[in-house]
Amino acid sequence: MNQYQAESYDVIVVGAGHAGSEAALAAARMGVKTLLLTINLDMVAFMPCNPSVGGPAKGVVVREIDALGGEMGKNIDKTYIQMRMLNTGKGPAVRALRAQADKHAYATEMKHTIEKEENLTLRQGIVEELIVEDGVCRGVVTSTGAAYRSQAVVITAGTALRGEIIIGELKYSSGPNNSQPSVGLANHLKELGLEIDRFKTGTPPRVKSSTIDYSVTEEQPGDKEPNHFSYSTPDSAYNQNQEPCWLTYTNETTHEIIQKNLHRAPMFTGIVEGVGARYCPSIEDKIVRFADKPRHQLFLEPEGLNTEEVYVQGLSTSLPEDVQTEMLHSIEGLEKVEMMRTGYAIEYDVVVPHQLRPTLETKVIENLYTAGQTNGTSGYEEAAGQGLMAGINAALKIQGKEPLVLKRSDGYIGVMIDDLVTKGTNEPYRLLTSRAEYRLILRHDNADLRLTEMGHEIGLVKEEQYAAYLVKKAAVEAEIARLGKHRIKPTKEVQAFLETKGAAGLKDGILARDFLKRPEISYQEVAQFIPAPEEALDPKVIEQVEIQIKYEGYIKKAMEKVEKLKRMEAKRIPENIDYQAINGLATEAKQKLQKIQPETIAQASRISGVNPADISILMVYIEQGKIAKVQG
């Protein structure tokens, strides 16, 4: 194929899934000329697996994306068909918002947002190779011979890199949902010296809604109380006309069908070579691993308002098509169901993430960034969070500005990226609340208070969003201060109220703020005993006031740990340090440090196999020579 010189750009993003959409929008909105190339324009921000956004940890990521100026939260708020707050009976650290998406509306809305964006060109094309000169990425070449030059490239290829779909004994080259795979680019990345791994993920069958007997399933409705992912979505926009999901279960017959066909299951026959996700196992894997369980939950999730397709969550499988049909017909409510799409597994190449800097720039090739499933993660939200950060950092580098690296104490996005570049992953990585040490301060409700300032500083958060954030922040601070001034006296009314709550009465007067610290007392109950504020408070302000006061002691302890971490993050490790030359370091520590090349003492301390004694030796070694402090 003859090459020709096509247009030049500042940033080129390869792949328009959830990572690529965020990366391209972020770069363009920060003022750099951006090109977004993708294999098929009809699959921009497509949902090839579950038609949903959010859930534990993931929902917080969507809020963080929004607080930084990203798009995912706004997009799902326009296109959901059901919204639910999960874990409402638990503490605020694990509450999570989850939306059922109209997957076609979601993709169409995101594509149109991209098309309307200034500084951003969306184009269909298959990238076959990168233009690399003297170890620096300078652009891309497509299958049609177009050579696009740029100052930075972000690869967000999802599961397309040398993708292969597997259904029973059948295995063929394909991207997700029978789209075209990216073979040339996958091979080229290997040739450039990047270490590549092979992962696997899977998806369940889709069934026809009109053939489901919903009368024998359990209805799962959405919430009546307004909730949104984006801080800019008003309560008045809340969709009260929501679609339910439905709950059913596998049974012993289902399990017998799977058991007798395990000899045809690709994950047990050796056809599947890639490593699968531990936290999203196939149904055949669940039957083997949890043989004592008589049944497994299945959620029937509509894929949109204008389609009959229903996603059978919990039934991910790569068993042969005939077995999938038999399996479905054994499930209550699905006895006569028509399968519209067969479940499948997909294997794909991933860039081993220890080759990345915390900015998501590769260490091997300068100005080349990777994000999303290409880095070994699973999930749309994880992909979008990485895409946003890669796009931001590519733009900042071009502008000659300091990079934006979120710490573990800043957000789940920071936890995820640090896990990837510091610890790596040997299976598709999924964000969990348990991965965050500071989850009490990384909550769904306070992502704006944590990250809006950063988003505004880099030019992504627009003035209207920033002004609304400042108003909310001031209102929270003012109300906390007001509750610290008013006293509640042990009147008959107060004592009678406490008696109805089964709580101890007051001996002396108490500040309203301290009264609210009692676990059984709500803000509304405190409010009845003190004068009302001058202006009625937004429910989100009240929620924030209540959480900050009730959990003040725990939050204070967490913040003390954060400050200690910041001091360690401030101790930078010089580049190209020779760990083999440091006497006293354990052999494993030398190997791990040499491989990962941590940038700070804090990052080094989180590497598996590097113990506190190794860190002490490393700090002494650096302090005897030169130690660079992190700017700011």
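Just so you know, glycine gets a Cβ as well, placed from its N, Cα and C.
These numbers come from a predicted model, not from an experiment.
Listed by Swiss-Prot as binding FAD are G15, A16, G17, H18, A19, G20, V127, S182; the candidate from Q324, Q355, Q373, Q399 that the record includes in that site is Q373. E284 (NAD(+) binding site) has Q373 as its nearest neighbour among the binding-site residues G15, G17, A19, V127, Q373, going by CA to CA distance. The Cα of K286 (NAD(+) binding site) lies closest to that of Q373, out of the binding-site residues G15, G17, A19, Q373.
Within the same chain, the residues at least 6 positions away from F290 (NAD(+) binding site) whose Cβ sits under 8 Å from its Cβ are H296, listed in sequence order. Around the Cβ of G15 (FAD binding site), the number of neighbouring Cβ atoms within 10 Å comes to 33. Distance between Cα atoms for C280 (NAD(+) binding site) and V127 (FAD binding site): 30 Å, as a whole number. Following the DSSP three-state reduction, the secondary structure of V127 (FAD binding site) is strand.
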